[in-house]
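Straight from TrEMBL, the features:
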- 630-737: domain 'Cyclic nucleotide-binding' (DOMAIN)
- 30-55: transmembrane segment (TRANSMEM)
- 67-87: transmembrane segment (TRANSMEM)
- 124-147: transmembrane segment (TRANSMEM)
- 159-182: transmembrane segment (TRANSMEM)
- 202-219: transmembrane segment (TRANSMEM)
- 226-245: transmembrane segment (TRANSMEM)
- 289-308: transmembrane segment (TRANSMEM)
- 329-348: transmembrane segment (TRANSMEM)
- 360-380: transmembrane segment (TRANSMEM)
- 387-407: transmembrane segment (TRANSMEM)
- 427-447: transmembrane segment (TRANSMEM)
Amino acid sequence: MAVMDPWNPPVRIKTPEPSSADIPWSDWRAWLSAFSAAVPLFLLSYSSCVSYAHLIVSSATSYPIRAVVIMSMHLVSSGLTGLIIPVRSKCPLIIPSADISVTIFYQKIVSDIVMAADGASKEIVAATVMLALPFNTLLMSLVFYLVGQQKLTVVVSYLPYPVVAGFLGSIGLAIFLGSFAVLKEGLAGFGGILKAAEERPYELLCAAGMAIGSILLKYAGLPARVLAVAPTLLTLVVFWSYVMMSGISLDEWRQEGWLFPAADFEPFTSIWSEQQLALVSWKLLPPRIATFLGLGFVLVLSLTLRIAGIEGSTGSAISVDDEVKWTGIASGLAGACGTVIGSASPGLTTFNLEAGSSTVQAAVLTAVLQLLLWLSGFPVMNMFPRFLLSGILMNLGLVMLQEWMWIARHKVGILGLLVIYAQVASSMMYGLLPSVLVGVAVALLTAQAQLMKLHVLKYHVSRCSVRTNLQRNKTERMLLSEHGQLIECLGLEGFLAEGPIIKLSNYVRHYVESNKMLRFMIFDLQACQGCNISAYALLAKLDKVLKNEGIEALYSSLDADMSAGLKSFGVPASRIFDTMCGANSSFLQALERCEDMLLESILEGFQRQISPILEVSDLPTLLMQPELEEFLGLSQEQAAKLIKAGEICHKEANTRLARQGIVEGEVYIAVPKYSQVVETVDVGSNSGAEQEVSLSRLGFICGLESVLYDEPARATCRVLTPSQLLKVEPSQLQKVVREPSGNSGCLSCSSSGPSGPALPQVGTLAALPPYWCFCRPLGSCATVLSS
């Protein structure tokens, strides 16, 4: 039986899924071809039903619970679900059958009832067990339906691959150990292997020979249809030939443990007659909460992984949620009929695919054969020796163990293999659910170990390689260019954890020891995906080290959580520039702060031209007029008229002066020395702030397009710090600059600017291109001809 890897499916060409209308129901040749695949599918499914029925009753060997009745329940369940699930599924090759995880669930239910019997008669315990099986089927079917209906199967996708591989390896180990319980009742765990070797050496040897022989035949390249039935048929022929030639009676063979106890024709009504309601102990019937929740989670996990494996192996585009929901519906019908859960079998589905099936007919025929066998009551179990069914389970368990504990090493590596082995060992000692929890815990530890090795330094540059959008005068630009190496920027990426930050701290410390000129360092966290508590503490410690070296450390592009984390460890808020800064880039703000502090230290005692911004609520217009004349290149008369036509107003930080895409009815002129304005453009990105275009303390006209063209503004302008601005209507501004007296300034340059051709005269303002100029002091214009 094949084992699927849902994360690494074979390469197949996906074809359109056939609908019910496309199935050739009346084509007898198609049914005949499907019958050749249905027969071996039926034999494999029946073998599983018999084996798993004996595993269920192995927890109550001293009670009158008959395995043949539970086997009939499996046949009915596989038949009913086999008529529902493949017909409505987008993958018609699905073959429902018994499953080992379901068997473990029922085995635990039986064990709980037996342990809680507390002196109840064997008949009461047996009747309670027989009713508890369909009762728990109904409960679990409801869980399946709700999980599929609410689309909760996506949770399984978050499990690490090694944990899933470890779970499948644990399932393989459970199947392998369960094979010894079929060989002889009461054998369990690794102790059962030793006991079987001591008490049933020949039977064990035959079972192991069949299991290993099947594996060798697979490597010999035997076709799938032949491989499915050849070992079983060959074993049956050899065994019964020897029985007939030996002259020993069948009763003696049964007493020696080679055959199951003799069974007569079993009426199909036995699955209901065994459920004697009058003898049921209603106190013992409800499942234990720990059992139902724990193993119920294992069932949901197992079902989801098996359906994902079928999707990968067959190349069918199926909805896992829908398949889980319909499994709940089909199993609910089976539970209402008094039977057990029936769910998709990846091994049988793969065999159906390899047998050449392409429609639902093989699945339907397999289900019909199972129902016919149940209705006939024929004691097929009398034909199967114990070691044969034990060998089938042993083979399946060995194949899964080989796949997930040896071959998987090429996929998961050493650490992943450690997770798988830890999970399989814990499943052997504590059960399947604890093994999943152990796997998750070990996976977290290995992930943490890998996290320690991450590289977080994205770039390390000086101020000579980056600059802000702030417009500075010639003196400041020269000083920053000359002393730019005093400012350095480190860009970090990835997830900041203990290991990466320790390596970064060592790097920064060694660098600072060799660079005694460094005075400012910016840590840009824009490319980081997160930061843990230890990293905050280590960054705060590094901050103190840098402070002792006379270096001012600033942190930019932090989200709210990271900003709060650094502040909680003592980093001053004044040196943290987070993403709440608005449209203005927090990194550019941090770089601007470093530049300002550098200039202040160089120009100590000198009254700088552009900072600080004068914050005066009632400024006389005479103080603002010279700045306006110099900024716009206007005459004294023009500047006076412009101020008289407008209104001087005070605006607080983050006040919007012009909005992109809106024709503004008022134009704001940011006068140098009294204002600071940031210009941004919304480029249509799905998330994130608008893109910063410029930042000016040297003057700015907000909504210039409304003056030139009566068109919407191309950008959004906001006040960055409390500022004094001149508010003018566009018509008044045009009227002032169109007057012939004096120099017409920036709005009507008649000669070439420093970086472009001549601009039109005042009378042709409507001909000016968009984004026509950045206004600068001393009457200069920088022409921008592209929008």
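Just so you know, glycine gets a Cβ as well, placed from its N, Cα and C.
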Cβ contacts under 8 Å made by the transmembrane segment (387-407) with residues that lie 6+ beyond its boundaries: 1, 3, 5, 47-48, 50-51, 54, 165-166, 168-169, 171-180, 182-183, 203-204, 206-212, 214-215, 231-232, 235-236, 239, 258, 347, 417, 420-421, 424
Cβ-Cβ under 8 Å with the transmembrane segment (30-55): same-chain residues at least 6 beyond its ends: 1, 24, 67-68, 70-71, 73-75, 78, 95, 97-100, 102-103, 107, 178-179, 181-182, 185, 225, 228-229, 232, 345, 347-348, 351-352, 355-357, 359, 361-362, 364-366, 369-370, 373, 380-381, 384, 389-390, 392-393
Helix, strand and coil residues within the domain 'Cyclic nucleotide-binding' (630-737) as assigned by DSSP: 26 helix, 38 strand, 44 coil
When counting Cβ pairs under 8 Å to the transmembrane segment (329-348), the leader among 67-87, 124-147, 226-245, 289-308: 67-87
Spatial neighbours of the transmembrane segment (289-308) far in sequence, C-beta under 8 Å, 6+ residues away: 4, 6, 99, 101-102, 104-105, 108-109, 112, 136, 139-140, 143-144, 147, 153, 156, 159, 164, 167-168, 171, 318, 320, 323-324, 327, 341, 343-346, 431-433, 436
Closest-packing stretch to the transmembrane segment (124-147), where packing means Cβ pairs under 8 Å, from 67-87, 159-182, 360-380, 427-447: 67-87
Which of 67-87, 159-182, 360-380 contacts the transmembrane segment (427-447) most, counting Cβ pairs under 8 Å: 159-182
Within the predicted model, mean pLDDT of the domain 'Cyclic nucleotide-binding' (630-737): 82
